[in-house]
């Protein structure tokens, strides 16, 4: 216990008894005995001497796991409950605080953090400050051989030297446009800078919205700006998630459903509604796939998930799935539908952010504010319309009661639907197929087409081989979203001649959203597909994030170490 600032007393402080007590399967509680009970509002300064680095929140990569393959790399991943293995703290999204850090690294390395200011001092020491209060899961550190390039007035990209040119080319000028639209819709961007760090390929997520510094998968460097929707998603978290935060992980949809809605609002402003509806349709297909995998009435398919604390409780990290994103998006869209006027709903979102900024809230807070903001809707009792009750949205598992209208995307979806029908036919009508020119189709139109082909698979004998030959743009794509779907099609049709593509894709990256569906497909496939799963996993396991390793082991029926 250190003396209060400016007060007399031993600057080294007074040692305190501590003990570690059981808390949950994902962490223990640190109990500190104070010399006397503190008064409410009293400021205490505790200094805790600890060592960390073995836990799941801190990832150490060998040089061969990086893009440059020359130097090691480390990064932290806090969401949902992993930062407790990086530092002792109140590791709950219901508590927010500012932080500062001093980080000393070896010669030739650079440290970056999710902080509003950073400066390099002598002896390879970096000093960081986050001046806005944030929940513990958003504190993040990365150290590696990384360099930066400016891509806008308040944005730069960070990456290993071998990736920096690609990163600059992909994002130069676009980030500021997204930020400006976000500010117009949702109010001021309060975090100062918005930088992106492109991570090594084993990073398990598409993006992690660490404030001021999004961590992103290198899969986003597609070379054609086709996957920027992921960056729009992370930018949207600057308001929904980082500024207004779910107080518990059981209401994760407050972070993700609102962020999906915000992402699609920005995308509509920038790219128009046809493209955005098409992207939303691929999201709906992911939700459908997820619910088919788990069964609609699985308890995870509610927006309000019960996460019991205690030793036998569910680890919040294991509740990660499509429901809070896409079903959450449907619920926010339903609220907008009740209002019936986009500009009025936009104004509500801005008022909502302003009302709850820097706070952690529950769904009851959100919905209470919605009804208070629109008293005429409250009077009409919109929270209890039969079949669409707010309570049903939150607490009943299953398919969303309301789906937003995606018909503006029809002009892009219809040709893709028709082409998929042609490829699923018994005798191929090559004349009709050749009449469809897909050279101008954008990534999400191709993704949508492949989703339809996958749904119709296995296709009649020989069709997939011909499809592969006809569209090298698809079967030889370097774009990760296209590669994922092509690999799923290869497996569903048991096209052994192209198994190597599945193996290559899984060797090239370790993103959870790409990795798990492919292992599920291999494990549910033929003998040779299962063999491919085992062979690929034993070769790539060391380069995967520990959580992803464990999820794959579960799929393959292997022992998971506690």
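Cβ from N, Cα, C; glycine included.
Whatever TrEMBL says is automated annotation, not expert-curated.
The active site, proton acceptor annotation in TrEMBL covers 234. The active site, proton donor annotation in TrEMBL covers 325. Marked as peptide binding site by TrEMBL: 77, 78, 79, 204, 205, 206, 207, 208, 209, 511, 512, 513. What TrEMBL records for 233, 237, 256 is Zn(2+) binding site. Per TrEMBL, the feature domain 'Peptidase M1 leukotriene A4 hydrolase/aminopeptidase C-terminal' maps to 411-556. Annotation source TrEMBL lists region 'Disordered' at 1-20.
A map of TrEMBL features onto the structure.
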residue: 77; record: peptide binding site; Cβ contacts under 8 Å, 6 or more apart: 57, 59, 140, 204, 205, 208, 215, 545
residue: 79; record: peptide binding site; Cβ contacts under 8 Å, 6 or more apart: 137, 138, 208
residue: 207; record: peptide binding site; Cβ contacts under 8 Å, 6 or more apart: 214, 215, 216, 217, 220, 230, 231, 233, 234
residue: 209; record: peptide binding site; Cβ contacts under 8 Å, 6 or more apart: 138, 234, 237, 238, 241, 242
residue: 256; record: Zn(2+) binding site; Cβ contacts under 8 Å, 6 or more apart: 241, 324, 325, 328
residue: 512; record: peptide binding site; Cβ contacts under 8 Å, 6 or more apart: 204, 205, 320, 545, 547, 548, 551
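For the region 'Disordered' (1-20), DSSP puts the residue distribution at 0 helix, 4 strand, 16 coil. Taken together, the residues of the domain 'Peptidase M1 leukotriene A4 hydrolase/aminopeptidase C-terminal' (411-556) have an average pLDDT of 96. Excluding 233, 237, 256 themselves, the residues of that chain whose CB lies within 8 A of the CB mean position for the Zn(2+) site are, in sequence, 209, 234, 236, 240, 241, 255, 259, 260, 262, 263, 325.
For residue 205 (peptide binding site), other Cβ atoms within 10 Å of its Cβ number 21. Every protein chain considered, the tally of other Cβ atoms within 10 Å of the Cβ of the residue listed as 'active site, proton donor' stands at 22. Binding residues for peptide (77, 78, 79, 204, 205, 206, 207, 208, 209, 511, 512, 513) extend across at most 18 Å, taking the greatest CA-CA distance.
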